[in-house]
Amino acid sequence: MAFKQLVAAISLALSLTTANAAVVKEKRATCSNGATVGDASCCAWFDVLDDIQQNLFQGGQCGAEAHESIRLVFHDAIAISPAMEAQGKFGGGGADGSIMIFDDIEPNFHPNIGLDEIINLQKPFVQKHGVTPGAFIAFAGAVALSNCPGAPQMNFFTGRAPATQPAPDGLVPEPFHTVDQIIARVNDAGEFDELELVWMLSAHSVAAVNDVDPTVQGLPFDSTPGIFDSQFFVETQFRGILFPGSGGNQGEVESGMAGEIRIQTDHTLARDSRTACEWQSFVNNQSKLVSDFQFIFLALTQLGQDPNAMTDCSDVIPISKPIPGNLPFSFFPPGKSMKDVEQACAETPFPSLVTLPGPATSVARIPPPPGA
């Protein structure tokens, strides 16, 4: 379903909320653990939740397994092309789990390199609990985000039929793509515009890279990869000064901090006139970051699906912890200041931020998942 159609469907559902309140109340059910959900079928997901929190996310951590689970949501969902369908070709099924079902094909596509590890970790849970791969990928991504302090309350809907064929190659953006290419790709996938593209990249706040630089694994995009905050949008605007590893890799540019990686697409989107002001708008604005990402994550997880035929099981997703009280929403890391910022937004000045005390240090790598 095209993104604008999705927005219309969501708006219609919201407009009917009051009128259908009595019906919704009757449908609500109490699960065996005492939790109340919007539909009795959602209760089974609490068992999945307990299992993956303990045995996939290492007791509910915002670590490598969580980061890769979030990445998997995007790579599964964005593989849909109405433009290809209009040409009589199969354009992929969007958020249908095809990347896991056809794990001998899609993980071998260049932008998906490295996702085989999280797919192999997730598949036993899919088989154990008898859920569809598409639903599990969306669920694991939402739970993963809930483990990251500062993240929004994530939505989760069930009702995805398993994919019947793999998505075609070439539908997942690459780190070396131009801004024009990426905007065109997300517009084709769901009629997303350049602002909504920036919202998607909020996920890089809790992310790391394993396969851009083959010499170094677990390189984060910002200095707080375990917290869903706007540091990613601050630090990608720092002047590039070094490579954290070998350098000269396709899709990588110099980063502004030791131990931190910067991919070409993030660098150019932070500086392009079409996206720079939206990029900067997240700096020191946690409420906007949270609300925009909550919206775009739901839209991504429903690409290729009919929202009206799905069941809202968002009650199962935990509420994330707040950002630690000893940190501001946005800040300059030790040793950094306004003089390090390459501001690209011509409309508004860069927000005034405090510089944390102490000496400049290298950003720590993210340990890989066990067995990876």
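Using N, Cα and C of the backbone, Cβ positions are placed for all residues, glycine too.
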Same-site residue for Ca(2+) 2 (record: Swiss-Prot; known: Asp222, Thr224, Ile227, Asp229; options: Ser205, Ser246): Ser205
Further Ca(2+) 1 ligand in Swiss-Prot, beside Gly94, Asp96, Ser98, within candidate set Asp50, Asp51, Asp76: Asp76
Of the candidates Cys148, Cys345, the one sharing a disulfide with Cys277 in Swiss-Prot: Cys345
According to Swiss-Prot, the disulfide-paired cysteine of Cys313 among Cys31, Cys42: Cys42
Disulfide-linked residue for Cys62, taking Swiss-Prot as the record, within Cys31, Cys148: Cys148
From recorded positions Asp96, Cys148, Cys277, the one whose Cα lies nearest Ile227 (Ca(2+) 2 binding site): Cys148
Long-range Cβ environment of Cys313 (disulfide bond), under 8 Å and at least 6 residues apart: Val37, Gly38, Asp39, Ser41, Cys42, Trp45, Phe156, Phe157, Thr158
Nearest recorded site to Ser98 (Ca(2+) 1 binding site) by CA-CA distance, among recorded positions Cys31, His204, Asp222, Thr224, Cys277: His204
Cα separation, Asp229 (Ca(2+) 2 binding site) to Cys148 (disulfide bond) (Å, whole number): 9
Whole-number Å value for how far Cys62 (disulfide bond) lies from Asp96 (Ca(2+) 1 binding site) (Cα to Cα): 25
Proximal residue to Gly94 (Ca(2+) 1 binding site) among recorded positions Cys43, His204, Ser205, Asp222, Cys345 (C-alpha distance): His204
Rounded Cα separation (Å) that holds between Cys43 (disulfide bond) and Asp76 (Ca(2+) 1 binding site): 25
